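One structure is given below, encoded as structure tokens.
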Amino acid sequence: KESAAAKFERQHIDSSTSSVSSSNYCNEMMTSRNLTQDRCKPVNTFVHESLADVQAVCSQKNVACKNGQTNCYQSYSAMSITDCRETGNSKYPNCAYQTTQAEKHIIVACEGNPYVPVHYDASV
């Protein structure tokens, strides 16, 4: 079974692209990362930084998660991210996404030993 850390990496890390030029990016990535297998995942964020840089956020600014848990961490610096949001005419299995690029601080939930990101909480 896929570990929580591996799942986070599959769903949220795309170090190979520093910026997204194609409006088709989300449609391609959401499919290739298996985020549209049994339903269209409504919202997903990809982070265009190295896995090591994203894992390092677990030792940065401790903040509360949206659900009230205290194991969330905000990155000290802004990171290059792409938000994928399902469009109104998207219908499974033909999931369709809007691609929006931004530079934002990311907030992730961390757990385990080693202490690594397991959930993408927000961007600020």
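Keep in mind that glycine also has a Cβ here, set from the backbone N, Cα and C atoms.
CYS65 is paired in Swiss-Prot with CYS72, the candidate among CYS58, CYS72 named as its disulfide partner. Recorded disulfide link (Swiss-Prot): CYS58 to CYS110, out of the candidates CYS95, CYS110. Disulfide pairing as given by Swiss-Prot: among CYS40, CYS84, CYS26 connects to CYS84. Same-chain residues lying 6+ beyond the ends of the compositional bias 'Basic and acidic residues' (1-13) with a Cβ under 8 Å from its Cβ atoms: 33-35, 44-47, 49, 51, 54, 108, 111-112, 116-120. HIS119 (active site, proton donor) sits 15 Å from LYS41 (substrate binding site), counting Cα to Cα. Residues in the region 'Disordered' (1-23) partition by DSSP class (helix H, G, I; strand E, B; coil) as 9 helix, 1 strand, 13 coil. The most densely surrounded of the recorded positions ASN34, THR45, judged by C-beta neighbours within 10 angstroms, is THR45. Separation of the C-alpha atoms of THR45 (substrate binding site) and HIS12 (active site, proton acceptor): 6 Å, rounded to the nearest whole number.
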